[in-house]
Amino acid sequence: MTYFFETYGCQMNQAESSSMEQILLEKGWTNSSDAEHCDLLIINTCSVRITAENRVLGRLGHFSGLKKKRKFFVLLIGCMAERLYTEIQKEFPLIDYVVGMFERNLLPQIFDEIKARLKNDNYMAEFTHDNIEEKPVSGYYFAPLSHSPKSFQSYVPIMNGCNNFCTYCIVPYVRGREVSRPVNEILQEITELSSRGVREITLLGQNVNSYKGEDGEGRLIDFPKLLTLIAREADKTDMIRWIRFMSSHPKDMSDALIDTIAAEKRLCKLVHLPVQHGSDTILKRMNRVYTIEHYKNRIKRLKETIPDIALSTDILMGFPGETEDDVKATLDLMQEIEFDSAFMYHYNPREGTKAFNYPDRIPEEVKIERLGRVIDLQLKITAKKMKAKLGKKVDILVESHSRNERSELFGHTEQGEMTVIQGNPPESLIGNFAHAELKELKGKTFRANLN
């Protein structure tokens, strides 16, 4: 029996797909090379932007034709499955199972049922659409392991959901309120990942800074304390060398967290801190609950405490009511802070959010033009920052051979820059760390020589 994943959206979706893959492998399934020939197609969906949903709808249309030609099962999961639970199966009858965000604990049984149905056309299905919907909601299920086989990197979900309710964001409505994973479960996963040869982990949550989980003795552990505990667990084998985390909310970027990042050698000196906009007026309408002054204060504290820190952010343009002065404020902020990189996008109205009913929507062509200015500026800043790193000696996690030249190796730096090691480096470096000098920059990829 074969499976194939199509995963859309955020890193949490990728982690959840990896955790489901672990279950399938343990049950004897094998990974198919493509979606066209699998027995089970699992589509893990995203609802953050309408473009992500449209891509899924397009793929469902494609697979509708394929399903008329051969037998296979389609399982829809993720945020879109939660948001459009009933409607989407009515529109696309090819979907055999829709599993919402809070029914994921049923997946092991559903996988067994699909295997039985593949073997026997007369098998009576238990987990019909109505039955799944009527099952008691268990709350969010944290899988014990989210590691993709043979990978030197792994995501580790530590919390799910969001309590912030930014007016443009659908996430709290599809993922629910914040739930923190128990400390001991997280540390057990760290131990298992170390035994599997994982060298780098990324802690995940919609707002990791607000983590508040209990340890084995019932004590409440906040995010800085959790990071310290994870670092001490990693010390035991020295296998996991780099620890990352995302996403963070500026209101929760505490001095204690900044000091912990500075103090712990395993914590990567890279912080992703979404600002979303440079105008206080727009931030207030977004319900971001901080001001630009507060944000700049946090950035100043980060730079003063960790001089070599790299900073990335999210920027959302074209929010309802946005003026040219608001756009200028955003461009000014970018020039002042000089983010190393940014994820930039324009506003998509999401039905069910507060901003969906806001007046003064910005015309599509204006949103695109404003976003273009932001992207152009960030590209210049990123190029400047990357050129300044030429000649520096850095550590690189070597992941694989280079796609273009097998005699070269590919990896990334502590601050996430893609790097090719040239000069016939030994293949034994794959899965290990190499110390190298950044010699050239081609596009957004460094070329480096071993020291």
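The backbone N, Cα and C atoms fix where each Cβ goes, and this holds for glycine too.
Taken from Swiss-Prot, the feature [4Fe-4S] cluster 1 binding site covers Cys10, Cys46, Cys79. The local packing around Cys46 ([4Fe-4S] cluster 1 binding site), expressed as other Cβ atoms within 10 Å of its Cβ over all shown chains, amounts to 21.
Here Cys166 ([4Fe-4S] cluster 2 binding site) comes close to Gln276, Met286, Asn287, Arg288: these same-chain residues lie at least six apart in sequence, with C-beta atoms under 8 angstroms from its C-beta. Annotation comment: Swiss-Prot describes Cys162, Cys166, Cys169 as [4Fe-4S] cluster 2 binding site.
Per Swiss-Prot, domain 'MTTase N-terminal' is recorded for 1-116.
Taken from Swiss-Prot, the feature domain 'Radical SAM core' covers 148-384.
Annotation source Swiss-Prot lists domain 'TRAM' at 387-451, citing sequence analysis.
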Secondary structure content, the domain 'TRAM' (387-451) (per DSSP, counts of residues): 4 helix, 34 strand, 27 coil
Near-site residues: [4Fe-4S] cluster 2, ref Cys162, Cys166, Cys169, CB cutoff 8 A to centroid: Asn164, Phe165, Tyr168, Ile170, Val171, Pro172, Gln206
Cβ-centroid neighbourhood (8 Å) of the [4Fe-4S] cluster 1 site, Cys10, Cys46, Cys79 excluded: Tyr8, Gly9, Met12, Asn13, Thr45, Ser47, Val48, Ala52, Gly78, Met80, Val171
Neighbouring C-beta atoms (10 Å sphere around the C-beta of Cys169 ([4Fe-4S] cluster 2 binding site)): 21
Composition by DSSP (helix, strand, coil) of residues within the domain 'MTTase N-terminal' (1-116): 59 helix, 22 strand, 35 coil
Inter-residue Cα distance where the pair is Cys169 ([4Fe-4S] cluster 2 binding site) and Cys79 ([4Fe-4S] cluster 1 binding site), in Å: 12
